[in-house]
Every structure is written in structure tokens, then in C-alpha cells.
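Participant: Input: one structure, supplied below.
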Amino acid sequence: MAPVLTPSESPVAAAVPDKQGDVESRASKPEVDSCSGPGPDPDPDPDLGHDDLGLGDNTNVPKLSYPRLFWFFFYHFGLFAWGGPVAQIALIKDKLVVQDKWITLARFQRVFSVYQILPGPEAVELCMFFGCLSAGRLGGIVAGVAFALPGFVLMLLTSYLYSLAGFENKYFNASFRALQPIVAAMVLRAAHKIADHSVRKHDSNKIDPFLVIAAICTATNMALRINIFISLGLYGVVYTLVARRLWIPAGALFCLQYVAYALYVVFRGVPSPVSLALGIAKTPSLANLFVLGLVAGTLSFGGAYTAIPFVQVEAVLMGAWLPQSVFIDAIAIGNILPAPLVIFATFVGFQGAYLADGSLGNAFAGALVITLGMFFPCFLFTIAGHELLEKLVRNKFLASFFDGLCGSVIGVIAVIAMQLLKASVEGSSDRVGEKPLGEAVAAAVQVGPAAVLYLLALAVLYKFTNKYTALLLVIVGAVSGQFLFVK
């Protein structure tokens, strides 16, 4: 989940009254559990404006039956979840807070700030939060499923069509060849956006040099082939010590990692590329796919773009059961569907299981289990109750650890962005049915157009912030591929 946005960047900030600061100064007041049903504000303040009353008031929330609740979230949000997380969150806010006034804007801001810190797609978690308010914990599950279901079904259908038309179809491959540099540009732009929030101090909004160092060192560690999870955990602890001004333990722990690495190199040699992975999905069995989704979903701080490297190192690098080009195609398709971007995992599970034995039944099962694993953590965290989550993330030690972890995640995403850039511009030799000599000649010819597409896409992403920008880029890229890469 994305780190906390600055007030000017938040999709709800523009709608929050000027006295929001007064509300936040009272943030220590107790709040009713998000899944506990209606109840009055335990301590209303007469000095607050009408719109800021009821930080724990659920009396305006309609009590919907499970079928009606499912249809409400399916129709109003699931079918129209275009444009990525910011657009999805704005859609939820406009309907449930501004128009229907289920809760106040002040309360929505507080809830949203909690879910920003936790892993998983915020839009799904917000739908579950409102579902809990309307129909309890089971209602939260119903609302979350209703939001994610359209994107899941569309991704399943797309995965099936891809398996029928892909790999050896020159027109199909040409479109996806053009999409690869565009996707690489999207990931780099996302890394910049996330970094702009993740390396800033919450109190002053100034860049925190220690978080910048954590990001740079994590990227360096990836180049040294130090396992990603070691770096994330280490810099979470180091930043916790730095935040407490425990300079000596922090410095000692920082230096210790490179001493340990030097000793490893002396006695064992330079780590292999597969050392970046945990080895939890060496084969695309159903059990391995579920665990892969579960780990990626649990550690998706920074949103889906953080889950991308976790899935990539296991499926493409260590397991080698998914071609790099197919993995990039998964991200491209995930960007154009009305769904959280983590839905790309559905495509990965389908194609991995299908390439393993050619069975469509196994492919659909693989898509299902990896999706369940990916979404399980955010469902669990949300159903556990917002009140408990808020207490956890307000814990100073945990908050500092999350800050350090989110800062180091930027280094991971940046390295993945560079790797995708290289792979997308140079082209991939793992398309089924292509001969090595033909691939070499085609790759040399395609480097120029692919590089131009990358630069143009990056320029468009920086210039335009409309929620349909990514969708239009993918459509234009797919069409341009027919002119640039059809052989």
C-alpha cells in the first residue's frame, strides 16, 4: 500500500474543510471499530462544524442485505474502477462521503490514512470498510469481493484469450512488443510518484536523507544480489533506531550488513542471481502459486508496483517458469482493466499454470489460487477491525519501521524499473516459436522504435495525470505495434 500522501496529493484532501487540522488534533479520541456496526460519536465536540461531527458515528450508513450490498459495490465501483488507485479512491469518496454522506470527510481522511500505511490495494480495503459499516464483517467481505470481481473476471477472460492467440501470432506479439516499453515507463513513473511521498518527513514534508539512503542502499544491495527481504527488514530496523537517535546501534547494524556480505563472498563467492528470491515458487504448482500471492500481498507496501518485483524474482528469475515478456504483458493488461493493479497476479498464475502442463483447468485454478493469496492479507487486515489497525500504525516503533521499509521499497521498484526498461527496449528472446537468428535480427531492428516509445510514454505520463492516461497509452501502443513490429 502506498505510503501516506501529502495533504495536497491526497485524493480526499481537496474536499476536506480548512478546519481539518482541528479535527486531526483530536485524532487521539477513541473511534468505534469499523466493523462493529452503528454507534454515536463517543465524545462529540460542539466546537466542530457539522461536517466534522461523528468520527465514530455510523447512523447515516444504510443497513443493506448481502445481495443488495454486493450489487451496490459491484455496480457503483467494481464496474467503473478505471484509472488506478487514485481514481478508484476518488470514486468511492465522491459517492459514499460527498453524495450519500455515509461518514464525514474527516473520518474518511483518518480511515484512508490508516489503509495507506498497510499493504494491499487501498480501494479494496475502503470498500470493505464501508461494507463492514453496513453489514458487519461478512458485509465487508461481500463489498470487497464485489469491487474486485469485475476486474478478476476480465483478467481471467483476457488470460484465456492470450493463451489462444498469443506466442505465435505475429499481430498479437507486435502489439504486446509495443506495450513493453510503455509498461516500463509506467513503472518508472510510479517509482518517482511513490518516492516523492515515501522519503519525506511526516511533520515537515521535507525530504528525509536517511530514507533516501535506505532507498539507494537497497538498490545497491540488489546489484550485489543481497536478498530483497533482508534489505527491507534491515532498513526498517535501522530507521527505527535512527528515529530514536540511537546512532551507534544504527550505524553498527548498517555496517554489519556489508561485513557479513564480504565474509559471504570470501567463503562462498558472489551470490547468484537467484539469491534475490526466497524460492517459494520454484514450480507453478497450485500450492506454490498461493504462497507466492500470499507473500507478495503481505509485503505490498507501496501498492501493486511493490508486489511486481516479488513476483518477478520468483516466477521469472528463480523459478524460470514464466517468460519475462509474458510477465511484462501481465502488467500491461493490469493497467487497462477496471481493477486494482495487483490483478496482474491473476494473469501470472494463469499463464504459469498453463505453460506448466497445457491444461486450461489447471490454468484457471492457478489464476484463482494466486489471486486468493494476493488479496487475503488486505481482507484479513481490514476485517480485523480499523480500530486495532489504527492503534498498531500509531505505535511509534511500528510507524518508524514502516517508514524505513517504505523508503527501502523505492530502491526495489527503481531497480525493477531499470530492468524492465532494458528488457523492453532490447526485446525478449523467450517468445515461443521464434528462431534464435530471427530473434537477434528482429531485436536489433526494434531497439530504436522501442526506445522512442519508452521516451514518448514517459513524457506523456509526466505531462498528463488524467485517470485515463494509462488506458489511452496502452491502446495507442497496441495500435502502433501493428505498424512498428509486424514482421
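Just so it is clear, glycine is given a Cβ too, placed from its N, Cα and C backbone atoms.
From TrEMBL, for reference:
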type: REGION; residues: 1-54; note: region 'Disordered'
type: COMPBIAS; residues: 19-32; note: compositional bias 'Basic and acidic residues'
type: TRANSMEM; residues: 69-92; note: transmembrane segment
type: TRANSMEM; residues: 138-162; note: transmembrane segment
type: TRANSMEM; residues: 211-234; note: transmembrane segment
type: TRANSMEM; residues: 246-267; note: transmembrane segment
type: TRANSMEM; residues: 287-308; note: transmembrane segment
type: TRANSMEM; residues: 328-350; note: transmembrane segment
type: TRANSMEM; residues: 362-385; note: transmembrane segment
type: TRANSMEM; residues: 397-421; note: transmembrane segment
type: TRANSMEM; residues: 441-462; note: transmembrane segment
type: TRANSMEM; residues: 468-486; note: transmembrane segment
Participant: Would the transmembrane segment (362-385) count as touching the transmembrane segment (441-462), if touching means at least three Cβ pairs under 8 Å and pairs must be 6 or more apart in sequence?
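Facilitator: No, the stretches stay apart by this measure.
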Participant: Let me spell it out: take the transmembrane segment (397-421), skip the flanking residues so only those 6+ beyond its ends count, and list any with a Cβ under 8 Å from a Cβ in it.
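Facilitator: For the transmembrane segment (397-421), the nonlocal Cβ contacts are 3, 117, 180-181, 183-184, 187-188, 190-191, 194-195, 198-199, 202, 208, 210-212, 214-223, 228, 231-233, 235-240, 242-244, 301-302, 305-306, 308-309, 312, 328, 454.
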Participant: Which bits of the chain, at least 6 residues beyond where the transmembrane segment (138-162) starts or stops, bring a Cβ under 8 A of a Cβ in it?
Facilitator: 35, 64, 66, 69-74, 77-79, 81, 123-125, 127-132, 329, 333-334, 337-340, 343-344, 346-347, 350-351, 360, 363-364, 367, 371, 375, 378-379, 382-383
Participant: Count the Cβ pairs between the transmembrane segment (468-486) and the transmembrane segment (69-92) that lie under 8 angstroms and are 6 or more residues apart in sequence, then report whether there are at least 3.
Facilitator: yes
Participant: Going along the chain, which residues at least six beyond the ends of the transmembrane segment (287-308) come within the CB cut-off of under 8 Å?
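Facilitator: Sequence-remote neighbours of the transmembrane segment (287-308) are 1-3, 85, 119-122, 187, 190-191, 194, 198, 229, 232, 278, 280-281, 314-315, 331, 334, 340-342, 344-345, 349, 352-353, 366, 369-378, 402, 405-406, 409-410, 412-413, 416.
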Participant: Under 8 angstroms, Cβ to Cβ: which one of 211-234, 246-267, 328-350 has the largest number of such pairs with the transmembrane segment (69-92)?
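Facilitator: If we count Cβ pairs closer than 8 Å to the transmembrane segment (69-92), 328-350 scores highest.
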Participant: For the transmembrane segment (211-234), give me same-chain residues lying six or more residues beyond its boundaries with a C-beta closer than 8 angstroms to one of its C-beta atoms, as numbers and ranges.
Facilitator: 195, 198-200, 253-254, 257, 261, 270-273, 275-278, 299, 309-310, 313, 403-412, 414-415
